[in-house]
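In what follows, a single structure is set out as structure tokens and then discussed.
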Amino acid sequence: MQGKIIESLAGFYYVESDGQIYQTRARGNFRKKGHKPYVGDEVDFSAKENSEGYILAIHERKNSLVRPPIVNIDQAVVIISAKEPDFNHNLLDRFLILLEHRKISPIIYLSKTDLLEDLDEFKKVQKQYQKIGYYFVYYLEDLTPLLKDKITVFMGQTGVGKTTLLNTLAPDLALETNEISDSLGRGRHTTRAVTLYNIYGGKIADTPGFSSLDYEITSSEELNAAFPELLKLSAACKFRSCTHTHEPGCAVKLALAQRKIWEKRYQTYLQILSEIENRRETYKKVLKRK
């Protein structure tokens, strides 16, 4: 039989096949090979009626996220709050960079707009991200049509309203939520496992919240590729290995001077580039000590 893993919990993998859910375990050979099944995996499995089944094979994956562990994702809704916690340009860009690097299409959803007096400021932000090529929405009626026939991950900083949004989309789920802590300005984690839910003709994952992001990006070339607007311009740079910082004939620096690209995004690029270089220098020092 073939199916898709829709939930992983306490060593069990729940596989959906032909409208039925089967409780399965992974064969021991997966552990020996270090090839663990994840939510989103297409698998071959065996199962008898009213008995526990076993995963026999895992199909090739098209992409993956490490944290949360989920694979074969079509798109990700990055939920960023307008307030409580306050809107964070830098954090949003870091989510987008992660998704670009992982070849997952992002959708930006602005939550908690009811706490704003007006949306004028964010309409300007929306235009900037739309100019890059991203969906940027803050109404459910704009989001729901984008979910059909897709596997969609919901992700964002803790406390931005992921679970609340899912409960609005599908009240029958009744997922647990918690309010923001006044002292910390962040929410408590309420999502304990990665689970795929059937909603609006697609599958949606509510994932554990994040306070920080880990990257596999280790070079300026990889970072450049994670910024669509910089990648497009970099073909016109004088030097192929241009870092868009000090090199002559840099098309990105020219576009920045002409205000054709958003300076806030460029500043995020410079910050992360500096972090990459600092990690590289730290690694070199460690190697010298050895």
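Cβ coordinates come from backbone N, Cα and C, glycine included.
In this model, the domain 'CP-type G' (62-213) carries an average pLDDT of 83. For 62-213, the entry in Swiss-Prot reads domain 'CP-type G', with the evidence type sequence analysis.
Reduced to three states, the DSSP call for THR158 (GTP binding site) is coil. Feature annotation from Swiss-Prot assigns GTP binding site to SER111, LYS112, THR113, ASP114, GLY156, GLN157, THR158, GLY159, VAL160, GLY161, LYS162, THR163, THR164.
Sequence annotations record features per position, and here Swiss-Prot assigns Zn(2+) binding site to CYS237, CYS242, HIS244, CYS250 based on sequence analysis. For CYS237 (Zn(2+) binding site), the count of additional Cβ atoms within 10 Å of its Cβ stands at 21 [all protein chains shown].
Comparing local CB density within 10 A for the binding-site residues VAL160, CYS242, the maximum falls on VAL160. Residue pair CYS250 (Zn(2+) binding site) / GLY156 (GTP binding site) shows a Cα separation of 33 Å. Most buried of the binding-site residues LYS162, HIS244, judged by other Cβ atoms within 10 Å, is LYS162. Note on proximity: among CYS237, CYS242, HIS244, the binding-site residues of the record, the Cα nearest VAL160 (GTP binding site) is that of HIS244.
With respect to their backbone Cα atoms, CYS237 (Zn(2+) binding site) and GLY156 (GTP binding site) stand 34 Å from each other. Cβ contacts within 10 Å of THR164 (GTP binding site), excluding its own Cβ and spanning all protein chains shown: 16.
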